[in-house]
Amino acid sequence: MAETFLFTSESVNEGHPDKLCDQISDAVLDACLAQDPDSKVACETCTKTNMVMVFGEITTKADVDYEKIVRDTCRNIGFTSADVGLDADNCKVLVNIEQQSPDIAQGVHGHFSKRPEEIGAGDQGHMFGYATDETPELMPLSHVLATKLGARLTEVRKNGTCAWLRPDGKTQVTVEYYNENGAMVPVRVHTVLISTQHDETVTNDEIAADLKEHVIKPVIPEKYLDEKTIFHLNPSGRFVIGGPHGDAGLTGRKIIIDTYGGWGAHGGGAFSGKDPTKVDRSGAYIVRQAAKSIVASGLARRCIVQVSYAIGVPEPLSVFVDTYGTGKIPDKEILQIVKESFDFRPGMISINLDLKRGGNSRFLKTAAYGHFGRDDPDFTWEVVKPLKWDNKVQA
């Protein structure tokens with residue numbers, strides 16, 4: 001067996017205070033886009049005990065009840081009393097929202113006068129997309145498992161299987177890999193860590209037994225578990241106080257959980273609460289589609305794509321591709337295929353990925369359990385684009 005290494009990814013579920021904020025920001029975005037697809041939205045949320053504040057810059061024709069969106073989102077997650085960390089119906093809701101800066105508006109969309117191909121990037125920045133053939137989702141296994149454990153925790157809380165669960169929770173998975181000429185091959189799960197909020201009545205033994213039976217078993221394939229797999233289940237011993245009561249929350253603080261679990265790279269820009277002129281979001285979505293399409297087409301087993309922008313300029317400043325030595329043809333040729341197959345101008349990304357369409361909780365769904373590797377028609381950037389290349393050529 002080749003030499004192996006350990007790699008760890010974490011996730012948090014929808015009751016984590018930072019994720020609560022992401023979901024509120026994206027629920028606001030959904031509401032704006034549903035009524036006015038040209039809404040310009042930069043919506044931040046913060047929360048602490050008994051308080052949620054929504055603030056930012058929004059220019060929209062939509063009639064939006066911000067307070068109702070906040071309360072509905074908190075309630076749907078399960079924050080229905082102070083005991084669980086926040087009472088959706090009685091907490092304070094503060095709103096401080098202004099219009100988009102006219103300086104930004106004229107530079108990016110010319111106060112709504114520019115054609116789609118002329119729309120400039122809403123800011124400077126660089127974004128990365130990543131894909132790997134180690135899972136059917138073409139996502140890193142460590143990230144997929146951590147994310148699915150978090151989603152499963154919420155599922156068994158909401159369906160009553162584990163009635164002692166409360167909304168807040170974190171997961172972390174360490175996977176043993178070996179490197180097969182640049183491709184990542186998972187061997188086994190080394191460690192599983194779950195810290196979940198719980199009520200006063202349950203014992204630590206019950207927590208451990210229920211988590212193994214109802215959360216870990218259904219999520220982690222048996223082939224990855226063995227007698228050496230380590231389980232840390234609520235290792236702190238007590239997690240009754242959670243949600244915004246336990247920690248303050250803020251939009252945009254879980255950007256690695258939202259993307260690739262520490263694999264690939266990250267340009268630093270968060271996603272939630274941003275309309276598609278914000279390339280932090282739309283740029284990251286299009287390069288995920290590019291990287292995924294490269295791997296799905298057999299051009300490479302693993303791939304990262306970077307794009308960069310200047311504020312007000314439609315064309316990207318740079319596009320970069322690296323296949324970690326797994327490419328069937330040289331990376332510079334793959335880069336050429338990417339440039340011919342994908343339009344990186346923000347206005348065209350919006351059209352090609354249908355990113356101006358709100359409603360149906362479209363962006364709210366992205367705000368918990370990851371933006372990538374999801375099987376949902378609303379996640380248009382996960383659709384593989386056929387790439388034309390001569391696959392008889394071997395590197």
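Glycine is no exception: its Cβ is also placed from the backbone N, Cα and C atoms.
Bear in mind that the values here come from a model prediction, so they are computed numbers and not experimental data.
Look at Swiss-Prot and you will find Glu10 tagged as Mg(2+) binding site. Non-local neighbourhood of Glu10 (Mg(2+) binding site): Ala146, Lys170, Thr171, Gln172, Val173, Ile256, Ile257, Gly261, each in the same chain, at least six residues away, with C-beta under 8 Å from its C-beta.
For His16, Asp168, Gly169, Lys170, Ser236, Gly237, Arg238, Phe239, Asp247, Arg253, Lys254, Ala270, Lys274, Lys278, the entry in Swiss-Prot reads ATP binding site. Around the Cβ of Lys254 (ATP binding site), a 10 Å sphere holds 24 further Cβ atoms from the protein chains shown. DSSP assigns Lys254 (ATP binding site) to coil in the three-state reduction, outside any helix or strand.
Cβ-based neighbour count (10 Å, all protein chains) for Glu44 (K(+) binding site) stands at 22. Marked as K(+) binding site by Swiss-Prot: Glu44.
If you look up Swiss-Prot, you'll see Glu57, Gln100, Asp247, Lys278 marked as L-methionine binding site, on the strength of similarity to another entry. When secondary structure is read from DSSP and collapsed to three states, Glu57 (L-methionine binding site) falls in the strand class.
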Quick one: give me the count of other CB atoms within 10 A of the CB of Glu57 (L-methionine binding site).
16
Sort out the sequence-distant neighbours of Asp247 (ATP binding site) for me: same chain, 6+ apart, CB within less than 8 Å of its CB, listed by position.
Pro17
Can you tell me the CA-to-CA distance separating Glu57 (L-methionine binding site) and Glu44 (K(+) binding site), as a whole number of Å?
9
Tell me the Cα distance separating Lys274 (ATP binding site) from Glu44 (K(+) binding site), rounded to the nearest angstrom.
9
ATP binding residues His16, Asp168, Gly169, Lys170, Ser236, Gly237, Arg238, Phe239, Asp247, Arg253, Lys254, Ala270, Lys274, Lys278: largest Cα-Cα distance, in Å and rounded to whole number:
42
So of all those binding-site residues, His16, Gly169, Ser236, which one's Cα sits nearest to Lys278 (L-methionine binding site)?
His16
Do me a favour and check the Cα-Cα span between Ser236 (ATP binding site) and Gln100 (L-methionine binding site); whole Å is fine.
44
